[in-house]
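Feature annotations, reproduced from Swiss-Prot:
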type	residues	note
BINDING	33, 34, 35, 51, 82, 96, 103	S-adenosyl-L-methionine binding site
C-alpha cells in the first residue's frame, strides 16, 4: 500500500528559505510536490520545479491547475538543468536529495526491498538498470559500489554471493536481491534491515546521484540571485559531506597572506556564500516518530553574498 507523502523537515526548509511574495524559487527535486506546494501556499511567490521522473508529471499538472502562472514544471535532472532554465535566476533554491516516498512505495519501480518487484531503481526510467548492473558487473565492482555508496562492511561477502547466485539463475527482483543480502548478514534486533545499505548503494550508483549533486553545486552560483538562499536536505553521509565541503570552500572568511598584509590580499578572494546553519539541522524526535524516513535527514543552508 502506498503511504501518504510527508515532506521531510518542511518547517525548517521554510524557515531557512524564508519565502517572500513576488520572489521566485527553484524546487530541484519535485517528487510528490510537497515543497513546491508549501512554498506556493506560504506566500504569493513563484515556483519552478524540476524532476527527471516522468511519473510525477500528473502531480505537477495538478499544482499547475491550482496555481496557474505561479508554477512551472521542467522534466529534467537538476544536474543538467541550467540550459533548460534559460538564464533564469532565483531568490531561493531547495534540494531534497535521494529517493521519494512515491518511488519507494511503488513495487514496479524496484527501489525498495519491502515490496517485491522488478529490480529497476532508475529514477528516469532510462539508462542502466539495477538488474543489468547486478547480473553483469564484476565481483570487485559490485563490492566497491556497495562499500563506497552504502558504507557496507560486508560488501565483499555480498558481492561474492551475488555472483554465485546469478550463475544459477538471473537475479531479476528486489525480493531475490534482498534474500541474498539477508543470507550474508543476519538480522539484529533494533537495527535497520540488513538490505538497506546495499539497496541504497546500488540506487545511488545507478542514478549517479552524487555526480548530479556535484555538477549542480558547481554551477548553482549562476542561477542564484544576490542574497538568495540555498537549502539542501540530504539523507546520506556522502551527500552531506559534499554539501558541507562546498559550503565551507565557498564561504571561508578571507585570510591574509600575513598579519601585515592588506585586507584585500586574500587566499580566498572568490568566496560568495555565507553559511546560515552553524551546523546541520536534524529532524525533531516528533517528526521522526511521525515519519521514520526522516531519521537520517540533515539540512544545511547558505546565502549568496
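A Cβ is built for glycine as well, from the same backbone N, Cα and C atoms used for every other residue.
Note that this is a predicted model, so its numbers are computed, not measured.
Around residue 33 (S-adenosyl-L-methionine binding site), the C-beta neighbours below 8 angstroms that are at least 6 residues distant in the chain are 49, 56, 59, 60, 62, 63. Under the three-state DSSP scheme, residue 35 (S-adenosyl-L-methionine binding site) falls in the helix class. Of all the binding-site residues listed (35, 82), 35 sits in the most crowded Cβ setting, with the most other Cβ atoms within 10 Å.
Using a 10 Å radius centred on the Cβ of residue 96 (S-adenosyl-L-methionine binding site) and all shown protein chains, the other Cβ atoms total 24. Packing around residue 34 (S-adenosyl-L-methionine binding site) is summarised by its Cβ count: 20 other Cβ atoms lie within 10 angstroms of its Cβ, all protein chains included. Residue density at residue 51 (S-adenosyl-L-methionine binding site): 27 other Cβ atoms are found within 10 A of its Cβ, drawing on all protein chains shown.
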